[in-house]
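Peer 1: Below is a structure I'd like to ask you about.
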């Protein structure tokens, strides 16, 4: 069974990567700036950084993947949308790359986000429709993934979110934490996750519904920082250190400066993940769940999307 599954996935891998490369070539051209929009509507200046646990920091940015993590950004005249997904690594024991499932989930979210009717107010709908798209295929990609979507309605500058699992986002205003998403877990290191299983019966996997995602609404203002990331960041870098690092970039709108901030967070997460004596957020979670963990960080794939709210200047 496993060899059959692996053979099918190899063909799907090539097809999916080819499709993603085509859509990446168009999307990366507008990665930091918004769609045309109405004059004066706020927009997001956005940057992305990450690294695979097994490879270098620039391992797969062009494919919108860092290891089993995947991401997307989308800009239209009505909405700015960002998303991250973390493929659940346990499937690797069956020869299945959950990064493919995460990639396809983000691909469809990006696709639906570009519809003219989408105005950023219902990111949960993107998640529901994308998951349904994957499950509805005759021979779907198999795997599991967390997902976090954040969208900005450009007309009223209100942020809407849908977060399922232990990826997440936070908002910083005036150097202080304004909001942080709620983590959703079944147990220690067992996040809520969207899942597609093979035709064979699988009883030992979590299969959560996208409707379980935590949804929030938050008015934003010029200069607010929005950080979206997988647990490779949040499991290794304490919230206080994230806020301190990003506080230096409050009000910054130059893409180069934001990229420097994102780079710093990713390097910090990587260094702390391999520190054996550091009391990481992951180690503290283990203690809270009364799980025997020797301490230190948690080596993992890391994906960070950092954005700031900007308003076009009058001529």
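Backbone N, Cα and C define each Cβ position, glycine as well.
Sequence annotations record features per position, and here Swiss-Prot assigns Mn(2+) 2 binding site to 86, 231. Residues or ranges marked as Mn(2+) 1 binding site by Swiss-Prot on the basis of similarity to another entry: 86, 87. Residues or ranges marked as domain 'PPM-type phosphatase' by Swiss-Prot: 54-309.
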Peer 1: In DSSP terms, helix, strand or coil for residue 231 (Mn(2+) 2 binding site)?
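Peer 2: Where residue 231 (Mn(2+) 2 binding site) sits, the three-state DSSP reduction gives helix.
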Peer 1: Out of 86, 231, which of these binding-site residues shows the lowest number of other CB atoms within 10 Å of its CB?
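Peer 2: Among the binding-site residues 86, 231, the lowest count of other Cβ atoms within 10 Å belongs to 231.
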Peer 1: If I take every residue in the domain 'PPM-type phosphatase' (54-309) and average their pLDDT values, what number comes out?
Peer 2: 94
Peer 1: Give me the count of other Cβ atoms within 10 A of the Cβ belonging to residue 87 (Mn(2+) 1 binding site).
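Peer 2: There are 28 such Cβ atoms around residue 87 (Mn(2+) 1 binding site).
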Peer 1: Roughly how many angstrom lie between the C-alpha atoms of residue 87 (Mn(2+) 1 binding site) and residue 231 (Mn(2+) 2 binding site)?
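Peer 2: Cα-Cα, rounded: 11 Å.
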